[in-house]
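**Student:** Before anything else, here's the structure in question.
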Amino acid sequence: MRLDEDIWTQIIIFILGVCGFLVAKHIRNHKTKNTPLVCPINFDCHTVVHSDYAKFLGMPVEVFGMVYYAVVSLAYLFFILMPDSLRGGLNILQIDLVVLLIIMSLVAFLFSAYLIAVQIFILKKGCSWCIVSAFICLCIFFLTALNYDFSSIAQIFIK
């Protein structure tokens with residue numbers, strides 16, 4: 001396995017995905033056990049995570065977060081552990097996975113930004129755990145977008 005710049009970026013994204021999963025799981029554990037979610041910086045996590053905005057399509061948003069972060073982590077673990085012989089260029093499966101990851105990370109970031117806006121403008125309460133998750137989404141999106149050469153991905157749509 002070579003440890004070039006791409007691998008280091010993939011390792012960082014994998015770690016961010018695991019951290020994001022743990023944050024979402026932490027929120028989920030407190031909600032299901034109905035225990036107070038301690039929020040530093042005088043925020044009110046309990047109010048935010050129990051608001052009407054804490055569900056999307058009838059499912060708690062932290063569950064969506066856990067699924068998203070698990071998919072990101074597993075995909076990047078796949079890239080990290082991929083044998084060097086397969087690293088010469090992106091094959092069709094890898095390109096599909098990269099496109100999926102870019103789209104997922106963009107949607108996750110935009111949804112996180114929406115939820116932060118809800119906290120600021122509608123609830124007028126903040127949740128530091130939610131902000132951490134949004135920051136992780138932002139980092140994953142930018143690192144994912146920066147990690148790949150879009151010209152090689154675009155070739156799939158041109159052919």
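Quick reminder: no glycine exception, Cβ is built from N, Cα and C everywhere.
I grabbed these lines from TrEMBL:
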DOMAIN    6-148  domain 'Vitamin K epoxide reductase'
TRANSMEM  6-24  transmembrane segment
TRANSMEM  63-82  transmembrane segment
TRANSMEM  97-117  transmembrane segment
TRANSMEM  129-148  transmembrane segment
**Student:** List, by number or range, the same-chain residues at least 6 past the transmembrane segment (97-117) whose CB is under 8 A from its CB atoms?
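**Tutor:** Here the qualifying positions are 53, 56, 61, 64-65, 68, 71-72, 75, 78, 90, 130-131, 133-134, 137-138, 140-141, 144-145, 148, 153, 156.
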**Student:** I need to check the long-range neighbours of the transmembrane segment (129-148): which residues 6 or more away from its ends have a CB within less than 8 Å of a CB in the stretch?
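**Tutor:** Long-range Cβ neighbours of the transmembrane segment (129-148): 6, 9-10, 12-13, 16-17, 19-20, 23-24, 26-27, 37, 39, 45, 48-49, 65, 69, 72, 90, 98, 101-102, 105-106, 108-109, 111-113, 115-116, 119.
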**Student:** Take every residue in the domain 'Vitamin K epoxide reductase' (6-148), average their pLDDT values, and give the whole-number result.
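**Tutor:** Here the predicted model's pLDDT, averaged over the domain 'Vitamin K epoxide reductase' (6-148), is 91.
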**Student:** Which bits of the chain, at least 6 residues beyond where the transmembrane segment (6-24) starts or stops, bring a Cβ under 8 A of a Cβ in it?
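**Tutor:** The answer is 62-63, 65-66, 68-70, 72-73, 76-77, 79-80, 129, 132-133, 136-137, 139-140, 143-144, 146-147.
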**Student:** Residue counts in helix (H, G, I), strand (E, B) and coil for the domain 'Vitamin K epoxide reductase' (6-148), per DSSP?
**Tutor:** 112 helix, 4 strand, 27 coil
